[in-house]
Amino acid sequence: MSAGPVPDLVGRRVQVKVPATSANLGPGFDTLGLALALYDELEIEVLEGDALEVDVRGVGEGEVPLDASHLVVRSIAHTFARRGLGLPGLRLVARNAIPHGRGLGSSGAAIVAGVMAAKGLLEGVEAFDADDLLELATELEGHPDNVAPALFGGLTIAWVTPEGPRHKKLIVHRGVSPLVLVPEHEMSTALARSLQPESVPHSDAVFNVSRSALLVAALVQSPELLLAATEDKLHQAYRAAAMPETDRLIRALRAAGHPAVVSGAGPSILVLASDPSERAEAVRLVESAAETVWQSLPLAVDFKGATVAQLDG
Ligand code: HSE
């Protein structure tokens, strides 16, 4: 659809908040995701004409582009274009806390921020339901497992249908205490995905079907099953050579009984601990076994997902 005239939105201003996410959770490749209480927060205002001002503070400051190629701006433009609208002038201020390139859904968060900003700026002009939001975000991200929990919060199961991506949100058992361990180096999702084989043995597929089904039960109802439920044969072993320290630490954590997995495409580690004391044990183990510096982030599960609020002009 070609972009048409922009309705008079000048002066509209919204505030958007988007959580970090951890995708895959072990066996649930491209399907399961968890929203975590660490946020990027943005303010976006519509300006006259085609002016564009982008200011990034915190994570990414001095590194990400400040023009129309900025991912949040691209996501706003994509959402407007899908409704036949051209991009208006914008002022965008981002205060980012989600680490980049670490497997914590920073690109999904930027995309969701843009979709939610567009939804807020177009309030009363265009309507977006949950499926619309997920479809718009997945079109840019390529797979729905980070953008679904970023949009809706909690634990999400995402799947793709001929009509578009769909999701089911579940509330995580309050005994689950996530711990994220973040190394200093980054990992490219594109590189990680290029290490995946085209096909896998049928027995490995069956292995992951059983663990994924069990993982949903473990996260919602039976945290004591999390170690068995976080086993995986579909992606982590294929990617291990690209993040050897992540692989080594996950093996050490699991051998000590902690349900540790690669967070998303890595290189961060997610431990789905069952209580705060288990988190502390896992931190101590990583501090003693790691050869490089790892940051420990004990994070609550975010149950709300992305929010957008109108600000006075
Ligand atoms: N499911 C995705 C992957 C998550 O592992 O490649 C990272 O974007």
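A Cβ is built for glycine as well, from the same backbone N, Cα and C atoms used for every other residue.
For PRO99, HIS100, GLY101, ARG102, GLY103, LEU104, GLY105, SER106, SER107, GLY108, ALA109, the entry in TrEMBL reads ATP binding site. Sequence annotations record features per position, and here TrEMBL assigns domain 'GHMP kinase N-terminal' to 71-154. For 230-284, the entry in TrEMBL reads domain 'GHMP kinase C-terminal'.
With the fewest other C-beta atoms within 10 Å around its C-beta, GLY101 stands out among the binding-site residues PRO99, GLY101, GLY103, GLY105. In the three-state DSSP classification, SER107 (ATP binding site) falls within a helix. GLY101 (ATP binding site) falls outside any helix or strand according to DSSP and counts as coil.
In this view, SER107 (ATP binding site) is surrounded by 20 other Cβ atoms within 10 Å of its Cβ, with every protein chain counted.
DSSP places the residues of the domain 'GHMP kinase N-terminal' (71-154) in helix, strand and coil in these numbers: 46 helix, 9 strand, 29 coil.
Sequence-distant neighbours of ALA109 (ATP binding site) (same chain, six or more apart, CB under 8 Å from its CB) are VAL18, PRO19, ALA20, THR21, ASP40, ILE98, ASN146, ALA150, listed in sequence order.
Taking DSSP states H, G and I as helix and E and B as strand, the domain 'GHMP kinase C-terminal' (230-284) has 28 helix, 8 strand, 19 coil. The residues near the ATP site, meaning same-chain residues not in PRO99, HIS100, GLY101, ARG102, GLY103, LEU104, GLY105, SER106, SER107, GLY108, ALA109 whose C-beta sits within 8 angstroms of the mean position of the site's C-beta atoms, are ALA20, ILE98, GLY264, in sequence order.
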